[in-house]
Amino acid sequence: MLIFVKSGENMLESILKNTSEIVSIEELTELLKKEEKIAYIGFEPSGRIHMGHYLQIRKMIDLQKAGFKIVILLADLHAYLNQKGTMDEVRALGEENRKVFEAMGLVADYVYGSEFQLKDEYTIDVYKLALSTTLNRARRSMEVIAREDENPKVASVVYPLMQVNDIKHLNADVAVGGMEQRKIHMLSREILPSMGYKAPVCIHNPVLTGLDGEGKMSSSKGNFIAVDDDEATIKKKMKNAFCPMKEVSGNPVLEIAKYYLKYPATVKRPEKFGGDLVLESYEALENAFVEGLHPMDVKNLVSEQLIEILRPIREKMNK
């Protein structure tokens, strides 16, 4: 696959698009000047890859086009510590996830955590990190990620230290993740320099709300659109999605419209309901919705575009 590398301001503009936060833009700008640079993201192997994952993968593709070598950590050992299944189960899921990422068009080095996280050098560094991190700081960094548990395991404290250590051992210049990763990434910027390693640039992407409007989109909750869902499934899920009239905040349908749809976009309606409506931007869509555009009109628009956006992935997965 050919990768067309962008240059100058176009690279930075592409990376900035649809991000929630970059720490820091100045450091990223300097990093873009280097010939060799690595960007990494870690994924706990998951049952289905959904639109929330796709938001992250698209950012990795932006970084790839900006000249970064991309490393995808298939975090099998992390998943095990986070009680997602046996090592064999999460490894099998990891292989399925890798195939989907490749179908998305991402060219990357895929690394399983268990390939390096059980080595002596890695383990010693985890001990060093443990000496540099208070118990409260480690636990706070996991609050958003770990499953709620009335009796948290010691593993929930080891997990963030391992994630910080991954950045060092993968030689990453940039760490990418959703906003739920922010506390761990900030921990890495604080303590890695004390071990003689650079503080990574951290790129945080939005976390999509689940289709039920409750919490984040998650394969374990079933409130997602998978990137390989067929047309009928996409339409059904979107039809049933939470989309309260005139409400923008926490609206999963509008979030998908914001981050995925191409504009100008046309809402197709019968003449008796006002006829077709051309929207030049997401802001125009949001304004129309607040002013009374029917949720089903928005859902139909999103379904129509999602089907086309995901078509190449479905076709590759079905070969």
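Every residue, even glycine, has its Cβ placed from backbone N, Cα and C.
Note that the coordinates shown come from a computational prediction; the quantities given were computed from them, not determined experimentally.
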Range among 216-220, 291-295, 311-315 that Swiss-Prot annotates as motif ''KMSKS' region': 216-220
Correct range for motif ''HIGH' region' (source Swiss-Prot, candidates 45-53, 81-89): 45-53
Assigned conformation of Tyr40 (L-tyrosine binding site) - DSSP reduced to three states: strand
Length of the line joining the Cα atoms of Asp166 (L-tyrosine binding site) and Ser219 (ATP binding site), in Å: 24
Rounded inter-Cα distance in Å - Tyr40 (L-tyrosine binding site), Ser219 (ATP binding site): 22
